[in-house]
Amino acid sequence: MKKRLQKATLTLLACTVLGSPLLLANVPAAYAESNAGTQAAPAVSKEQAIQAARAKVKLSEEQWKVTSAEYRSNDTDKWDNFIGARWQLMFSAVDPNVSDGYMIVIDAKSGKLTGLNQFSKNGPGNSGTLTKEEAKKKAEAFLQEIAPEEFKQTELTALDVNGLGSYNMYNLTYDRKTSDGVYVLGDQITLALSFDGSVASYNIHWTDVDLPLADTGIISVETANKTYGDELNLRLRYTTDTRSATTQASLVYSTSYPYSYSYSLPQTPYLVDAKTGKPLNRSGQESVLSKADVQPILAGGPTKPAPGGTPLSQEEAEAAVQASGLMQPGYRLTDPSYNESGPNSKAWNFFINTGVPNVQGNVSVDALTGELINFYLFGSPSGNPSSGSSLTDDQAREKALALVKKLYPNRLGAIALLSVTNMPNNPKFPDQNNGKGVSFAYLENGIPTESGIQILFDANGNVQNFFGATNPYGSERIVYAKPDGAISKQQATEIYIKNRPLRLSYYFPVLADGTPSTKPMLVWSPVTEWMPTSYVNAHTGEFVDTVRAQTTPPVSPSDVKGHWAEAALTQFADRSLLELQDGKANPDQTISRAEFIRLLTSYRVGLTTTDKPTFEDVPTDSKYFNNVETAVFFGWIAKDKTFRPNDAISRQEAAAVFTRVLHYQELAKHDEIFTLPYVDRGDVAPYAVGSVAILTALGVMQGSDNKFLPNGNITLAEACTAILKLQPNDPTPLYK
């Protein structure tokens, strides 16, 4: 192997897409490698890296300045991600009034661009008119310039519409594929394009090695699927659908139980030896499949403590912390604070003064139950591990069980042990190396929920971090679906395999030192997941893909070709914003008030969230809840008792909404200054005269046959066309 180009971390990408360079402070310690100390001199100097970045991304010195240049030389980041030596550069605009910037990664050996992320105070361009086909062409042109040789060896495997926060983008994934049709696991190029056509992010991970031709003796995919299904070992769990504001927790079959760990876990792709049909682990060795059922710690035991009355006093809360046994000698509780976020959510929080330099922490206690919510230490409190010390899985399991039994005696019938995991080594805190992470799940109907407990032990067996929950079942609004009527595990497995099929691939096993082998092996494997959280709905049989941006790719309606609004309708279809019936968009049909707001908010700003409905007839479990509340938040629709979501919306009502979107509502009130050019101007309601005049002048809405038809209901085609014609978001409108 000549070299392996680095892989930009997901943390970096998320930071940039969200448009906040300040989030870099949250990058895990393993990635925050210091420049201090002895490091090998890079083959590419800082000046050469900066020149390469400017040339590749076209950043002139007159417009862009370098705000930071950091050389990172570690070949592996100790979190099982092979990175390699690289320069990480930050560019910001010379003009102080421009908030845009770039984070660029240059390979320190080759000088190649391996990572690019653009950030902006206002986020990526969300109101452009880039179509799916235009996005493909722009991506191809970019890659032919940036990585022409690698691009020749790729296949476009995903073109999705998705994003973080309220900013949607086209996300393209190009997987490496050899001339004889074999994929290379982990080798890919990812690209994100904003709707204004700009490149929001670029990342390449590539193994620079000659790959052999696939030889004979390969088992069939049907044979491999049997092992694959066993490896999946789908299990029931609950999940809240993040695609809607539903209060229902769906019952699903999944491959893992995802939790909000504050540490990274190395993930192993599903691997089947293409020669033997045996399951493989990340080292390329035969793996042993675990099929243990999830059981509560105490079968038939209590599931929750009795409702609390008077909240604990500060002294009682401090006593509860001391009784936990987590406070080591010399630790003191300081800076108490009391918080209430609801009738059943009250907590005491304390700062932990350890008396050890550079080590601090905090702890929280449920003020109603006296239970520990979390215990967190920052730094290296316990010193280097004792000679030969290494906590075993069994020791970690027993310690964790004893602690949970002590801290949650009234919940043991609803808590289940899930797993014990080897924690990745952290070069900043060597005393934490060889630690163990133990996870538990809270149960509902005997099935794991999304809430749980995570305990992190260092190599000496001391609790470094403890993450519990003051309200383990989440919001009291959540209703958990009953297991009755669920499909079988076998049915779910067949659905999963159909949607995530195996591909013949090359895989580079991970060696003992964390680096990849130079000798690839042939395997059957599906598209790899960073965190394997895709699932099958146990009641509907729907496969929900959490890796690709959406459950199904955009579908082109069959009835828009040649329509007068084809261009606008295609824009919405490319972004998966049209709800099709039998493959048709029905562009000339009128739409409801709720559907109009859904189209407007989804295209223009994305969604905001709340748990308090404004309107009686748009409750939190409505599919339109987040859209309507977003429109309320931005002042596009007025608060009232009801919204009438299923009623049609007239053209003049739509005009009034558009006027508020453009911030011209105050100007529109002066109807005496406007003259409408339509013969039916007398039919326009007084409140809408200014809006109709403004939108006509701007070309957003037009009449037909010299008529505006103000009381006519707006159609899908008319709504999509008008939304596209709205001016881009302007933080400083001329009139308000």
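Residue 1 is the first one shown; counting continues down the chain.
For all residues, glycine too, the Cβ spot is worked out from N, Cα and C.
For the ranges 117-136, 297-316, 377-396, the feature annotated in TrEMBL as region 'Disordered' maps to 297-316. As a summary of secondary structure, the compositional bias 'Low complexity' (299-311) carries 0 helix, 0 strand, 13 coil according to DSSP.
The residues of the domain 'SLH' (675-736), classed with DSSP into helix (H, G, I), strand (E, B) and coil, number 26 helix, 4 strand, 32 coil. Across the domain 'SLH' (611-672), DSSP assigns 26 helix, 2 strand, 34 coil.
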